[in-house]
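**Student:** I am attaching a structure below and will ask some questions about it afterwards.
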Protein chains: 2
Amino acid sequence: MDRTVGRLWFHFSAVYLITAYICSLLYYEYDYISSKRIDYFCSSKPLFHQFTILVRAIPASAGRNISDSVENFFTEYHPSTYLAHTVVHRTSKLRGLINDAKTHYRRLVRLQSNPSQINSNRGSCFGLFRRKVDLVDRYGKRLGDIEQHLRLEQSQVSSAGKEVPAAFVSFKSRYGAAIAMHMQQSNNPIHWVTEQAPEPHDVYWPFFSSTFMQRWISKLGVAVACFLLTALFFIPVLIVQGLTNLNQLQIWFPFLKSILTITFISQILTGYLPSLILQLFLKMVPPVMECLSSIQGYISLSDIKKSACFKVLWFTIWNVFFATVFSGTALLQLSLVFEPKTIPTRLAVAVPAQASFFIAYVVTSGWTSSLSELINLFALISSLVTKPFSGNSDEELEVPSIPYHQDIPRILFFVLLGITYFFLAPLIVPFLLVYFGLEYIVYRNQFINVYAPKYETGGKFWPIAHSCIVFSLVLMHAIAVGIFTLKGLPLASSLLVPLPILTLLFNDYCRKRFLPNFSAYSAETLIKKDRADENDPTMAEFLDKLVTAYADPALMPVSFTATADSLRRPLMSTAED
Amino acid sequence: MDRTVGRLWFHFSAVYLITAYICSLLYYEYDYISSKRIDYFCSSKPLFHQFTILVRAIPASAGRNISDSVENFFTEYHPSTYLAHTVVHRTSKLRGLINDAKTHYRRLVRLQSNPSQINSNRGSCFGLFRRKVDLVDRYGKRLGDIEQHLRLEQSQVSSAGKEVPAAFVSFKSRYGAAIAMHMQQSNNPIHWVTEQAPEPHDVYWPFFSSTFMQRWISKLGVAVACFLLTALFFIPVLIVQGLTNLNQLQIWFPFLKSILTITFISQILTGYLPSLILQLFLKMVPPVMECLSSIQGYISLSDIKKSACFKVLWFTIWNVFFATVFSGTALLQLSLVFEPKTIPTRLAVAVPAQASFFIAYVVTSGWTSSLSELINLFALISSLVTKPFSGNSDEELEVPSIPYHQDIPRILFFVLLGITYFFLAPLIVPFLLVYFGLEYIVYRNQFINVYAPKYETGGKFWPIAHSCIVFSLVLMHAIAVGIFTLKGLPLASSLLVPLPILTLLFNDYCRKRFLPNFSAYSAETLIKKDRADENDPTMAEFLDKLVTAYADPALMPVSFTATADSLRRPLMSTAED
């Protein structure tokens, strides 16, 4: 008994030491990334988004359109730094038309690009050749019609109404843009709301919610939807899993009866089918969360990914960690929130019991996921399936970007497992080390050889990782407090209580010390950078380009019919998906 | 039974209606006060604090003092708007010397100002006269010494070290100051921390915590102290109250035995002594909270009062409302926090039971406090006591300022009582109406005839009142939910659940719509105001004055000995308490 107590005190000091060690690592990492951010900014060429802000909720004024209002406002209040602006337009219809035109154009190209096929068929089957020529004509004509319609619509959209009360406003200097961004512009704080503009190709044009109320309501709606999805996710999963037991399958698919009676197959089915269903449901979560984030009023793809990453992370922690630990229904878990006092002891009972499950999880889910990342299973299958049907698909090959919102939560979840289980089941540590080693190798390769970054993240995902690790630490402390209470060491558990408080204070300090650098740059940096550019002869040219940098691609002039002849060029120089 | 249910549904709709009504009132009031703030700013003359910011946590640089660092930094990064700066010095020793000098000077003045007394005494009592002349000489000499010491110390403080890494930095325009305030200045967000400067006479010089860490730690310490004070306040009170029962008194003061046996006196004692003790303890709270706020790192008296007001408010709500309602020890109340689910039903049981107590409370504490405010009982007594001993005290009469941190929480507490009890015990409403009527008349008089404002609050207390009223509404909803559950109307209580959520959303909206206007002014307003001043011929003179406006009064040249002869002038033109 005395030895057990001794071992518990050993665990106690391990908890303190590991917390201190992880916190110091977190501190240096935050410091490193935040200084990297500044270094990157200082060494960057002039970029459009550094000189531009997005202004939303531009108030309507009588007898004046949005563009005039913006022009007036900024020439009035920022005369020395204001450069130009681009009002956002409602272009969902245009985007539909452009996609339509694109599809037709692609078909046309495919038909025209196979002249050999047409030639070879000429002799053998005249009727088929006739049909092809007809098709080329028909598609060509329809493409012309659509283009006509598109141009008409474009001129209507850009001249008449359909202005969204939002605009990209560009400035002559980075500091000028930053001043306009940081200062409250109008007496009504929910008008002329400013924020940093994203890179031009990072702008998410489709859902451009503009007024304050729209954004507020959509944010609330999305928060409720996320909460419900996270809390009630397990109900449909459990129902579907319940439906797939052997008897049910035999009733639904009577012809399987003979196969299902084979012990080996029935064992595999009962063993893996529920887990397969769970994995499929879980695979659906990141896209769903991304979709929810996209209607939340973010203006850039990168912000949408970041928000989705956060949502997926908490979803994973709740639905994989807590659901497994308490192995109960969602409603039972929710009741936990209403009795915070009992959380440590409940955790202390439930968490150690699942240690072997999570060790197995590291192997089955962790190792396999990093290997499947390497062969990109989904992309491979979908490519194999679609390639034979899509003709000359090598032209359309798009380099994939990194699915941050899918990978970061998974890796962070394994960090959480490591932190919570290292003293309960130290056996998990080597498995995790192997996992992280694998991930390191795999992602090094993926970053260098496979993925092409679509936008510069600027280290903005780190605060999510930081807060997740701090949460893991506090969770680990709660479990430790519960365990020491259960094992009859109330002194140890009371001595542990300061630890989560200190950790949260550490987190608060880090937020104040580093987080501001992740949302904006300091006056010092901006002014230095602006001064360095003053003597740059290319700046005049850059500012000329900046004026039109934030034009909506849907409003650009299009000419598919003209390019339809020159086939080997890139598909569209004007529109992007 | 059916009628009771009907009445409950009547209450149900009353809860909805009153909430909607109060929220609309709150909205219009917030709107009104925030527009008043802007109007006041727009119509104000140039004021020093509009052009000045306080910079704290100025990093030490080798071989350069703080003043040079500030000068360098702002001429480097704000060359067009920077005007001047005043570094803060550690002057607590100087303030001690000045107070010492003041006391001696006052004594000297008092001795010299009674020449009639001296003259009349000349014949009758030569010895006494001699003693007086000696005293005048001695005080004069000591005053001279102190002044010598003071000047030496002043020159030391201002020339050599003792610089606090904080400075008031003045700008040529309001907009320039606002830009410097809103932008993060340095790459390290906890260096060069800026905030709006208070009015020069509102600066709280004594506790000038400067570095980020100092402020952070003192803030945490004060938060813990406040929490402990609020949570454990009742323990000493209960102990003292327990000590003052009749038997205990008879044991301690045996000579009272004969008096205490008189029924009338014993009734008064048992009835009023505990409540008197409670009142005395409660009277001590605002000064204690003010003291705590003053070491929290605020730079202005007005901020200290505002923070103290907030602290006293929550103290009152917790220790008067909740302690009375649950009539238990502090620990019992704390356990409430750990079981949030049971709060509504617990409140529903406990709150209605105290209705008659709180109606009586409105009369005994509310009505009397507004009347005692009118006669200013404490000030009257202290004046009556001290006047005979202080000699010519009419010179020292200082017009009192409004004790916001004492009066606002009291009034808000009665608002809370009104909101929580209006549907449980409508009888409280007329009493409260009388109370508010009285307060209106009394404070109208006090504001016009009694108090002199020491600083401009700028409506900054309203957000506290707003959030207190929103809290009262949510508390009322919790009670209503509990009551409908207890009375067997689960439908009504579930239908009430959206109400607190809607109220909190309303609060969130108000925070976003109005609160930013309470901490800063918009670019629009500032630039308009600056432009209006451009043509003002007095601006040059104003900017000259601004350069020295934020000098520490303790570093001003003093000359008591010179002014010691001219007696009827104000005591000190340089230093203020």
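Don't overthink the numbers, they just go from 1 along the chain as shown.
Placement of Cβ uses the backbone N, Cα and C atoms for every residue, glycine included.
According to TrEMBL, the protein has these features:
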TRANSMEM  B:6-28  transmembrane segment
DOMAIN    B:50-206  domain 'CSC1/OSCA1-like cytosolic'
DOMAIN    B:219-484  domain 'CSC1/OSCA1-like 7TM region'
TRANSMEM  B:220-239  transmembrane segment
TRANSMEM  B:259-282  transmembrane segment
TRANSMEM  B:312-335  transmembrane segment
TRANSMEM  B:347-367  transmembrane segment
TRANSMEM  B:411-443  transmembrane segment
TRANSMEM  B:464-485  transmembrane segment
TRANSMEM  B:491-510  transmembrane segment
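Have a look at these and tell me how they're positioned relative to everything else.
**Tutor:** Non-local neighbours of the transmembrane segment (B:6-28) in the same chain are 419, 422-423, 466, 469-470, 473, 476-477, 480, 484, 487, 489, 492, 495-496, 499, 503, 506, 510; each lies 6+ residues outside the stretch with a CB under 8 Å from one of its CB atoms.
Tertiary proximity for the transmembrane segment (B:347-367) is limited to same-chain residues at least six positions away from its ends with a CB under 8 Å from its CB atoms, namely 324-327, 414, 417, 420-421, 424-425, 427-428, 431-432, 434-435, 438, 475, 478-479, 481-483, 485-486.
For the transmembrane segment (B:411-443), same-chain residues at least 6 beyond its ends with a Cβ under 8 Å from one of its own Cβ atoms are 11, 14-15, 18, 22, 313, 316-317, 320-321, 351-352, 355-356, 358-359, 361-363, 366-367, 370-371, 373-374, 464-465, 468-469, 471-473, 475-476, 479-480, 483.
Long-range contacts of the transmembrane segment (B:464-485) within the same chain, counting only residues at least 6 positions beyond its ends with a Cβ under 8 Å from a Cβ of the stretch, are 8, 11-12, 15, 19, 22-23, 26, 29-30, 306, 309-310, 313, 317, 343-349, 351-352, 408, 412, 415-416, 419-420, 423-424, 492-493, 496-497, 499-500, 503-504, 506-507, 510.
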**Student:** Is the transmembrane segment (B:491-510) packed against any residues at least 6 beyond its ends, judged by a Cβ distance under 8 Å, and which are they?
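**Tutor:** For the transmembrane segment (B:491-510), the nonlocal Cβ contacts are 8-9, 12, 15-16, 19, 23, 26-27, 30, 344, 466-467, 470, 473-474, 477-478, 480-482, 484-485.
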**Student:** In the predicted model, what is the mean pLDDT computed over the domain 'CSC1/OSCA1-like cytosolic' (B:50-206)?
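**Tutor:** Mean pLDDT for the domain 'CSC1/OSCA1-like cytosolic' (B:50-206): 80.
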